[in-house]
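Working notes, beginning with the structure itself.
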Amino acid sequence: QRRIYRTTTHVPQELGQIMDSETFEKSRLYQLDKSTFSFWSGLYSEVEGTMILLCGGIPFLWKLSGQISGRAGFGQEYEIVQSLVFLLLATLFSAVTGLPWSLYNTFVIEEKHGFNQQTLGFFFKDAVKKFVVTQCILLPVTSLLLYIIKIGGDYFFIYAWLFTLVVSLVLVTIYADYIAPLFDKFIPLPEGELKQQIETMAKSIDFPLTKVYVVEGSKRSSHSNAYFYGFFKNKRIVLFDTLLEDYSALNKEPAEGDDGDNEETKSKTKNKKQGCKNEEVLAVLGHELGHWKLGHTVKNIIISQMNSFLCFFLFAVLIGQKELFTAFGFYDTQPTLIGLMIIFQFIFSPYNEVLSFCLTVLSRRFEFQADAFAKELGKAKDLYSALIKLNKDNLGFPVSDWIFSMWHYSHPPLLERLQALKGAKQE
């Protein structure tokens, strides 16, 4: 794939009507930079993980956690307390070692290609907030999960699975209302033609829409997105302001004397219009609603929970194997949290790769089906132009090695989706 980035310097003939040479070159250089960054960050991650294993980093951190919890008055019998200290230290270590890579990605790569909208202060405030919110969720959930495993008896894996199912459903329900607003500002989509058209389209397919929000994604990045959430009869749609040509802050000239909200974002001059027209936004939403109407969301949840149950069952089978703990440096103790880490992170690693590939294949099929649904709604032409615009705004490179694409791309390549919308290909 990197060879394709380096050598494909001219717009292929079949893409001549889709991309201009300037955008093609920009996207090529952007994806080449991202690929280089991905290689080095991935290599570092592998080296770091290997060194931690070879040098006994996991048992060392567990012993350190025991010392810290012991000083706080919690002896070895308080395994859950020690596990939470271990988890806190491990996530803190991960956050610190990952910080330089995140800084480089945001302020070098994304900045170089015109996507970054953050100041350094905003970045660090955001990072601290994410870490704190993550710990507020992760630590209580983990403590309850460990407790359930401890008292669950022979069938603890069923109770553990049911607990994680409830937690995941709760998090999905509260995320957009209580967690996401901690990081981004959500405002109701103003009354007008677009809102009315969205409500009409939702009603035409019996989508139980209750609210439509616009999120100020432009404070963070100029990448665009849209999604819906909620259960049963309480569905909400969220549109990034960068998706909406009429609402994107990146399309607006700052007023005289206005410093562009220096403390939060940096004012950037754009040479092009960001986002899509109302008709194109409706086409994109038609695609997203297609996922709901065709049951893709429910199918993904079912697959996820079946996999979760299988993993907990296999965990119950393997947790009693002392050899697993010995191999990772735990000769005298068998902590439940360490067992979860060993089995889920290491033992299941090959299985997770195969599962990930299967889900990627399924996701691509779902994307074609959602495009076809939008086409049935009469949105084919607008979705066609919207996909081109979104590809251009996000500097997506439309040429890819077929093996790389098959393994990594959860969405079909742009050209294949456009051909399907024109009726040249059906999936």
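Cβ atoms here come from the backbone N, Cα and C positions, even for glycine.
Per TrEMBL, the features are:
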type: ACT_SITE; residues: E288; note: active site
type: BINDING; residues: H287, H291, E367; note: Zn(2+) binding site
type: DOMAIN; residues: 188-423; note: domain 'Peptidase M48'
type: REGION; residues: 254-273; note: region 'Disordered'
type: TRANSMEM; residues: 37-60; note: transmembrane segment
type: TRANSMEM; residues: 80-104; note: transmembrane segment
type: TRANSMEM; residues: 131-149; note: transmembrane segment
type: TRANSMEM; residues: 155-176; note: transmembrane segment
type: TRANSMEM; residues: 309-331; note: transmembrane segment
type: TRANSMEM; residues: 337-362; note: transmembrane segment
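Sequence features annotated in TrEMBL and their locations in the structure.
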{"residue": "H287", "record": "Zn(2+) binding site", "Cβ within 10 Å": "24"}
{"residue": "E288", "record": "active site", "Cβ within 10 Å": "17"}
{"residue": "H291", "record": "Zn(2+) binding site", "Cβ within 10 Å": "20"}
{"residue": "E367", "record": "Zn(2+) binding site", "Cβ within 10 Å": "22"}
Cβ-based neighbourhood (8 Å from the centroid) of the Zn(2+) site, residues H287, H291, E367 excluded: E288, G290, H296, F366, Q369, A370, D371, F373, A374
Contact set, same chain, for the transmembrane segment (131-149): CB under 8 Å, 6 or more residues outside the stretch: 79-80, 83-84, 87-88, 91-92, 95, 156, 159-160, 163-164, 167, 171, 179, 182, 336-337
Separation of alpha carbons, E288 (active site) and E367 (Zn(2+) binding site) (Å): 9
